[in-house]
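What Swiss-Prot says about this protein:
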- C99, H141, H145: Fe cation binding site (BINDING)
- E142: active site (ACT_SITE)
Amino acid sequence: MIREIIRMGDKRLLRVAPPVTNLGSDELHALVADMFETMDAARGVGLAAPQIAVDLQLMVFGFEASERYPEAPAVPRTALANVQIEPLSDEMENGWEGCLSIPGLRAVIPRHRVIRYSGFAPDGTPIEREAEGFHARVVQHEYDHLVGRLYPSRIENFDTFGFEDVLSYDL
């Protein structure tokens, strides 16, 4: 079922989400299916549970090819609960970001270039991966949603922030 994506200004996006406690449950599997369906319908590359007004540390992400980010390499489709992120270097990388909760806008955001992330699949299987580049960016962006943060709070140069159909800033 496609869920409504709440937008910036809704205070539910600013809360720290509690951990998932029902790993392996039918309810969690149904929620994950809804999240993937919602993400795909919105042509997104990731979605966090708080974006559909579900207060849980849960994210989905991944794609073979993205209409919104055509230059981005494929990212494995993943559902991840109770996420932890560790930067593997101090190296930061600037890149364009948008958000399904902030439709039509984009900005250049600095993110760690290489990270290790861990958590649990919906069935309770542990997941631990290293990611770099766009894959790392997507995971960090979705993680921000789990801790009540939206990408505009990370903007360093507001000349890069604007509507997708108007922006002309080059990286």
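For all residues, glycine too, the Cβ spot is worked out from N, Cα and C.
Everything Swiss-Prot records as a feature, shown here on the structure.
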{"residue": "C99", "record": "Fe cation binding site", "Cβ neighbours (10 Å)": "25"}
{"residue": "H141", "record": "Fe cation binding site", "Cβ neighbours (10 Å)": "24"}
{"residue": "E142", "record": "active site", "Cβ neighbours (10 Å)": "27"}
{"residue": "H145", "record": "Fe cation binding site", "Cβ neighbours (10 Å)": "24"}
Cβ within 8 Å of the mean position of the Cβ atoms of C99, H141, H145: remaining residues of the chain near Fe cation: G46, A48, Q51, E97, L100, S101, E142, D144, L150, Y151
